[in-house]
Every structure is written in structure tokens, then in C-alpha cells.
Number of protein chains: 2
Amino acid sequence: MRNRVFIKNLKEHIGKEVVLAGWVNIRRDQGKMVFFDFRDMTGIVQCVVLPSHTEAIEKAKEIRPEWVLKVSGIVNKRPEKNINPDVQNGDIELEVVSIEVLSPAHELPFDMSLEGYNLELTTELDNRALVLRHPKIQAVFKVQETIIDSFREFMKKNMFFEFQAPAITPATAEGGAEVFQVSYFDKKAYLTQSPQLYKQIVMSAFERCFSVNKIFRAEPSSTTRHLTEIVSLDAEMSFIDSWEDVRDMAEETVRFILKQVEEKNKEHLKILGATIPVMIEKTPTLSLREVQQRIFEKFKRDVRGEKDTNPEDERQICEIIKEETGSDFVFIYGYPTRKKPFYVYPNPEEPEYNEGMDLLCRGVEWLSGGRRISDYDQLMKHVEEWKMDPEKIKMFLEAFKYGVPPEGGFAFGAERMTMQLLGLKNIREASMFPRDMNRIDERLGSDGY
Amino acid sequence: MRNRVFIKNLKEHIGKEVVLAGWVNIRRDQGKMVFFDFRDMTGIVQCVVLPSHTEAIEKAKEIRPEWVLKVSGIVNKRPEKNINPDVQNGDIELEVVSIEVLSPAHELPFDMSLEGYNLELTTELDNRALVLRHPKIQAVFKVQETIIDSFREFMKKNMFFEFQAPAITPATAEGGAEVFQVSYFDKKAYLTQSPQLYKQIVMSAFERCFSVNKIFRAEPSSTTRHLTEIVSLDAEMSFIDSWEDVRDMAEETVRFILKQVEEKNKEHLKILGATIPVMIEKTPTLSLREVQQRIFEKFKRDVRGEKDTNPEDERQICEIIKEETGSDFVFIYGYPTRKKPFYVYPNPEEPEYNEGMDLLCRGVEWLSGGRRISDYDQLMKHVEEWKMDPEKIKMFLEAFKYGVPPEGGFAFGAERMTMQLLGLKNIREASMFPRDMNRIDERLGSDGY
């Protein structure tokens, strides 16, 4: 739209006539004058229509929330007594000269004002298209955009090559219990659960790679933490000296993301009442056995010898570390080798524990990764011990047949990080169009689709 | 890897000892000395092992292509007579002091040297993991990375919000002939064919949006132009004055991408023998009827009155425009309204033609888009005339119920653009892990997976 001025730039035009385009937020009639809040993608400004502008005031009396207008008006400083320092453009207003209605709107099904908005998640999802206009909802996805952008930016800075991981996969190597099946012409295919094997292939050719891609989980579970379609941020790097190189890269990636969100999404964090978790200079790292010992000492709860952490362990170790160091984050490494996938690297000094790791924050896992096996013979030995069919991962194995450096990588879900960073209660709030067992946009009927 | 120097930076270390890490390209024994070309992700350098380094030369005689090494050596200028100005680091070489083998490699199944590499596409795909190491293959995906990055960069510059479009969709509105079906718990879902309706929803809340996402096409077709899984680059913008605003944004997006590829991928274009197509200051725009008239005048081939262009038309109009203006690109707009999807905006002055458009380049379509219907009543009228079930696009329609500005958008496939830009013969060459009717990584057996 030619000559349009964005609302965030209005202060550069004080005393001048400008053209705005956007949506009506709220209208307030006050005697002969009409006030309305007007928004575009850059912000909000108060508009005032004086009775002297006869044509404009007639239109102004007609307009309602969500109507789309093109408005001409003069940018005025507000009188001292009307200044509101707590809102954007609280010291100016637009004196409307003319209004062009670009699109009317039906009456809203619920209150969309910043103060009045208060919907159950189900209603919110049932009205996703409309609700996306609300600043609180937009704030979530603006933060998510920064998370994904910052991941990409940090990877590129560190010479990682971005590739496009596939969504459709052939027979899965690890069995098909929680995999979605696709009718692929007259054959069967599956939706990928992880780009793990692909990123290891690409790493073997490009040294360092990453991808931002969809993964799919068919777990028949409807908790506040489950989605069937997830945005996965994946990285893989070679020529590492030890698994700690992978840990350090993961740590610096998260640190960079937090810093970017803090800088770029101040207003969004404010509107959501969120605070960035504390990452100290060097995030504490404990082995699984150390974690269990520390929990035993502190809480007298004996989980020593367990093969993995449970949610209670994760909460308690985070509590211990927070109290001791101030860090909201903690790395746990050294899980039982046989409990984890075949490609995870066993600690050469005690091969029954591996060099896989998790990064926890505020009691919840944020990121997983670790060193992988890069030696072909060792990999083939694991393939056999894990009782996998090498035919089904032929392409993956081929990469390792022809020389692969020591390597590792990590991955995390964009929705999970968005949720935890913002303190959201349900992961569905962190997915713009969440898919779960019972919903794909609409609630799924019992008749199926 | 600590202290590692990247090969592209070797010239900063002349006369000094450095540590390199990478892969052996080729080994050449010359009497008592051993030469080998050594590569990392930043380039190639020639290494020379002198007989005086007894331990190193012993190892050097053992190494083979694709072995992974850590090499210490002194960066020397080459003697004048050995300088090769045509290759990277042609004026230096590394005098090897020690070699550490990080990983051996099996013998290669075919010649992987730059000159010797010459595989059928099928063999190439059967050996994808290994072949990804070849500079010609890498060049393709480095260019593709730039295409996608530049799209994103240009969108962000122009205030487009990036969202994550979903892959799994409920019942499709337009029928399911060429859609992949997913077993979704006890129900059915589908893989998205296009984020079209989602991007229009997001536009209605964020004004301008884009997405980089997978789309899926179940066409039972196995041509050189068909993939079942495609990376789609999608944009949608509101507050347009006319469809030409969308056209101009599409043109400038492509122009930006071409410029970025030209600047950032010089060496890749060279290795692939590709030339960037010419985009003149203002790409010519013709209506479908003008295109048909021009073809008739020039080639005496009468396609006037046809409802769409065919491949021959596309070649011929590109030829005409190239000859006349020097432009490799041409926009065509104004297709018969009833032949296109329900959301495309009919020209108000002759509603039987729409304001949809295509951008052709060198005889092939690169991009599609146009203005969309933003008025709810007009949209509902189309929904009815196109005999669509409004229940199945409820969320989409809801967006338009509550005030949407005049708007439009465009989309293009990353693989298609990569293929055309680089003059590749088969779209499978432009997809790292191409999926088609007969292949998902491996060739699909008749027994199915």
C-alpha cells in the first residue's frame, strides 16, 4: 500500500497527515467524539474522530472490532493530562480525517481485548484463526521464530551446513510401534521420527550440518507434553576430540538462543510474564550415577542403580544444582549403553555406560545428544547386538564404511523449548496448529475423516 | 578439534607447522615421496611426504581415498615450476611431519575424483551417502542452501513473519486423488499438498508471513520433474493495492535470490557450468490472451482460446520475450477464473479471468501466485460455486469472517528452482534424498515395505 506509515513509526510524523492501514481493536464513543484503538503489525495507536469531520464520524460510528480500515489523519501530541506512559504511543494520537473501510467483520464470538481475553485452551484451538490475532498468542510465536532463527544463525556462524531432512521414510529400523504409516502408492512408508540417521549421513560429507524439520510421533498419548507433529532442531558435528565438544556446542547454542530472545522479544516476554532461565558461565555436568547419589544424599530418595532418570529425579537434580550454583541448567551424561540407541558411543573406559547426554532446565529435559559411534566395525557390532536389520539402514551404514571422523550431535524440539522458556502449561500453546491424538485443527470426530 | 587449521586459511600460515584434519582425496606415489590431495569442508591442499619423515611415510603408503586423517605439517610455498594457478592452494603445499589415522575406509566402489566421476543418476542415488562427498553434488546443495536462505532473508527484510506450516492435515477440501493418506491412530489424515490455506490464515493475523515447509504430491508420475516430497517456499502479504504488488514482491524475491547465488556460489556455479538467468529491470508481464496472440503471430501456432499454457507455449513465449527484451523471465497472468482454485481473485472488470499469475524462466514455470479473494461474502460464493464443503475449511473461512485486507501471495519449489537455475536434467539431482513413486532412499521392492 503506497504511502502507508507503520504505527511504530508514527512519532516521526508529529504534526503531519499520514495514512495508516490496519484493524480496529476497540471503539469507544464519548459524546460527540469517537475514539478507537487501531493496530497494524507494528503496534497500536489511539485514533480520535472529531464531530467536525462529518463523513469520518459517520463511518466511525459504524466500525467494530476487527474491521479493516485505511485511515488518514494528523499525528498529534496528546495533552499532558491524557498521556499514558504505560502503552505504546501513549503520548500521541491520530486525529482522523477520513476513513475507508477495506473489510467489515462479523461480530466477535468472545472478548479479544488484551485485558478481557480469557479463553480455555480448547476454545482457543477451536477458534485458532481468529485467536492468532491476539497479542498474547502472537508473542508466543514471535518468541518461537526467534528461537528457530537463532539456532540457524548460531549454526551458520559455526560453519554448519543446513540440509533438508526428509519426512517420508522407508521401513524404520527400530520397529514401527509409534510411527505413522503412509499409503505410498501401492506400498507402505512412514513419517520420520527423527532425522538422526540422515544428519549423520550429511555430516559424513559436510563435516557439520543442521536441519530444521518436522518429526512425527504416533504415541497414543494425550498429555500436556505430547504433539504428533514437532519442529525438530538437529545438529551434527565431526572432528570432535571428545563428547564434551558436543556438550559445549549444545550449551553455546542454547546460550545464544536465550540471549537473542532476551534482546529481541522484550515486549513479548513482558506480555507473557516470562523470565529467561539462568545459564551460568559453565553449566554443571553430572553423570547419571552422580545425579542419583546427589538425590540420595539430599532427599534420602534412593534411585541409585536405576537405568534412567524419571521426572521426579529431573526436578530434584535441577533443584539441587539451582541451589548450589544458581544455574537453571544441568547436563547429565553416562546412561547405560544398552538402554539407548545403537549409534550412541560407549565410554571406552567403562563401555556399559555411554557418552550420551541430556540438558535439563527447571526440572525438564530441553535437549538430547552425545557422541556417536564413527567406526564402521564398532557400528556393525552394535547393529548386530541391537538385533537390527542392516538392510533397512543400508544408506546410513554406507556413510560409515568410507571413513567418518569422531562425531556427535544434539537435537531439541522448538515447541518444547518455547513452552519451557515461556512457562506455558500445555505444549499445544507452543504450536501454531497443534496436532494430537484428538485434533488436527478441528477436533477429530469419532467417524474419522 | 583443538588447534585445527582449516584448509582455506592455510596461506595465513606459510612457513609454520599446522594441524589439518580431513579426508584423503587421491594418493600418488612418486618414487620415494608420497603425494596426496587432502580435503576438509573448506577446501583442498596437496600434501607431500618426504622419505626423511620415516614414520609419516610409512603411514602415507598405507592410506587410501576417503581415509580420515589428522595431519601435522609445514605450509610451504611451491617452487615456481610446480605452481598450478587453476586450483585452490595451487601455490602452496603441506610438507607432512606426522599422520594420525582417525578412520580407515573401505575401497571405493567407483572413481570419486573430480575428473573421473561419471555416474548414472540411478547409481548415484543408490550410493547417495558416499556420493554426497563429491564436490559436484555438494555444489548443488550449497546453491540450494543459498536459495532458501536468501528467500528467508528477503522475506525478513520485508517484514514477513516466518511460521511453521503443518504437514499433517485433516480431510482435504479439494478431493483426495493425489494426496497421501496417513493412518492417524484409528482415523485418517493426509499429508499437505500446499500450505496455501494456512498461510492465508497466518497472514490474516500477522499481515505478512512466509514458510519454508514440506509439501507432498501423490501423483503417480515418474517423470524428470516429479518428486513426492518437495520443499515449498511460500509467502503471503496483505494491504496490497493490486495484484501487481504481489507480482513485484515475487520479482524482487527472485532477483534477490539470483544475486545472492551469483555472489555466494561462484565456485559452485563454475564447477556445474551454470549461468544465472537474466532478469532485466522490469520483467515483462503478459496476459494469457496476449501470450496466445504473440505465439500465433510469431509461430503461426493457434492456441488462442485455450484455458491454460502447455509446455510448448511456455517455451515459445520465453523465446519471444528473450529475443525482444533480453529477459529470461516473463510473467503471465489472467487465467480463466473457473479453471483455478476457489480462492483466486477474479478481475473485477472481467470476472471470467482471474488475477493469478505464473513466473516463467527459460521455458519453465518457476513460481505461481496472485491476488486472493479477501471478502468473506465473495469467498463464500466461490466456495459454493466450486462445490466445496465449507465444514472442511472451517478454520480458513473463520479467518475471513473477521476482517481481512486485500491480499495475495506466491510460492515456489526449492528443488524446481535449484534444477532450473543450475540447468540440471532431472529434479532428483536437486533433492538430497529424493522421494518418488519408485524410491525412498532405496529402490522400492515389489513386496513393498
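Backbone N, Cα and C atoms are what each Cβ position is placed from, and that goes for glycine too.
Going through B:Glu162, B:Glu267, B:Glu281, B:Glu365 against TrEMBL, the one listed in the ATP site together with B:Arg217, B:Ala218, B:Glu219, B:Arg225, B:His226, B:Leu227, B:Gly413, B:Ala414, B:Glu415, B:Arg416 turns out to be B:Glu365.
Of the given residue ranges B:80-83, B:172-175, B:196-199, B:440-443, TrEMBL assigns the label region 'Aspartate' to B:196-199. For B:Ser368 (L-aspartate binding site), the same-chain residues lying six or more positions away in sequence with a CB closer than 8 A to its CB are B:Gly356, B:Met357, B:Asp358, B:Leu359, B:Phe410, B:Ala411, B:Phe412. If you take the Cα of B:Arg372 (L-aspartate binding site) and the Cα of B:Glu365 (ATP binding site), they are about 20 angstrom apart, rounded to a whole number. Here ATP is bound by B:Arg217, B:Ala218, B:Glu219, B:Arg225, B:His226, B:Leu227, B:Glu365, B:Gly413, B:Ala414, B:Glu415, B:Arg416 per the record. The longest Cα to Cα distance in that group is 20 Å.
Along the region 'Aspartate' (B:196-199), the predicted structure has mean pLDDT 96.
Across the structure, B:Ala414 (ATP binding site) and B:Arg217 (L-aspartate binding site) are spaced 15 Å apart at their Cα atoms.
DSSP assigns B:Glu365 (ATP binding site) to a strand.
In terms of DSSP helix, strand and coil, the region 'Aspartate' (B:196-199) has 4 helix, 0 strand, 0 coil. Listed in sequence order, the residues of the same chain lying 6 or more apart from B:Glu365 (ATP binding site) and placing their CB within less than 8 Å of its CB are B:Glu314, B:Asp358, B:Leu359.
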